[in-house]
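Working notes, beginning with the structure itself.
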Amino acid sequence: MNFAVLVFPGSNCDIDCYKAIEDTIGQPVDYVWHTADDLSKYDCILVPGGFSYGDYLRCGAIAQFTNVMKAVVKAAEEGKYILGICNGFQVLTEARLLPGALLRNNGMKFRCHQAVLKVENNTTPFTRDYAEGELINIPIAHGEGNYYCDDATLKELQENNQIVFRYEAGNNPNGSVDDIAGICNKAGNVVGMMPHPERAIHELLGSADGKKMFTSILSTWREKHGAAAIR
Amino acid sequence: MKATVYVTIKQNVLDVQGTAVQGALHSMGFEEVGKVRIGKYLELELGTTDKAEAEARVKAMCEKLLANTVIEDYRYELA
C-alpha cells in the first residue's frame with residue numbers, strides 16, 4: 001500500500017506523519033511537494049498539520065488551489081483514502097472535500113495538550129480497529145480548531161453518521177459544534193480531524209492510541225486488495 | 001481601477017477576536033462599547049477600467065478565495 005504525505009510551504013507535521021506510517025505499518029511512503037500534479041501511484045494521501053502558506057488570509061485557504069490539491073480532489077472522487085490532520089483538516093474544508101469550516105478557539109487560547117476523544121464512527125477506513133464508543137487519548141495543538149457548520153449541515157452529519165470523533169463530554173477544548181473533533185465525507189473515504197494521531201503512536205510520546213488510525217487503513221486496504229506485502 | 005474588499009465573520013458566528021477586544025475596551029473603562037466585530041481589509045489594484053468587468057472579477061475573487069462564505073460575509077467598493 002503506497003502512502004503520500006503532502007508537503008506545503010509551512011507544513012510542519014509532515015515528518016511525524018511519515019514516521020507514523022513507517023513505525024506503525026511499515027508501508028512505502030513518500031513526501032509529495034505541493035507542485036506535484038499526479039497522485040495516481042498512491043492509495044492513501046495524508047494532508048499533515050502545520051501552517052500551509054503561513055495560514056495567510058485564512059487557515060488552509062491558499063493551499064486549496066495548489067496542483068497537488070487538484071489531484072487530491074480527483075483521488076477523493078476515485079474513492080482513495082484521504083486523511084487531513086489539523087491544518088490538513090482546514091485545507092480539506094477549504095477545498096470543500098469536507099463540509100464546514102474551522103474558527104478560532106472560543107477560549108481565545110492556543111490549546112496544546114492531550115485530549116480524550118470518543119470514537120463515534122468506527123466504520124470509516126481509518127477507524128475500524130477502534131471499538132465504537134472507545135475513549136482514546138490523542139494530543140491537540142491548535143488555535144483555530146473550533147469546527148463550525150450551520151444547523152442543516154450538522155443535522156446531515158448526524159444523520160449520515162459522518163461525525164467520526166467527539167471530544168469527551170464536558171472537555172471540548174475549542175467550542176466546536178456538537179463537540180466535533182473529526183468528521184468524514186458521505187462516502188467515508190475522506191476523514192478530517194483536529195487532534196494529531198501521528199503524535200500518539202508510542203507510549204514514549206504519552207500515548208499509543210493513534211496507532212489504530214494507521215493499522216485500520218492498512219487492514220481496510222488489504223481486505224479490498226488481497227494480501228499486501230508487509231515488512 | 002481599485003477595489004476595496006471588506007471580509008467579516010458572519011453575524012451568527014462567534015467572532016473571538018472581536019470578543020477579546022470588546023473585553024479589553026471594557027476593562028479600560030470604555031463600557032459604552034457593545035459588540036465588536038473584526039474583519040479583514042484588502043486593497044486590490046485592478047488592471048481594468050471597465051466597471052462591470054471589474055465587479056464580476058472581484059465578486060469571483062471573493063467567492064473563491066478572499067472570503068470563506070461558510071463563515072464570512074464580504075462587501076467591496078470599486079473606485
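Cβ atoms here come from the backbone N, Cα and C positions, even for glycine.
Curation plays no part in TrEMBL annotations; they are all automatic predictions.
Quick look at what TrEMBL annotates:
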ACT_SITE  A:Cys86  active site, nucleophile
ACT_SITE  A:His196  active site
ACT_SITE  A:Glu198  active site
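Distance from the CA of A:Cys86 (active site, nucleophile) to the CA of A:His196 (active site) is 7 Å. Its Cβ placed at the centre, A:His196 (active site) has 23 other Cβ atoms within 10 Å.
Around the Cβ of A:Cys86 (active site, nucleophile), 29 further Cβ atoms fall within 10 Å across all displayed protein chains. Here A:Cys86 (active site, nucleophile) is positioned 11 angstrom away from A:Glu198 (active site), judged by their C-alpha atoms. The Cβ of A:Glu198 (active site) has 31 other Cβ atoms within 10 Å, all protein chains considered.
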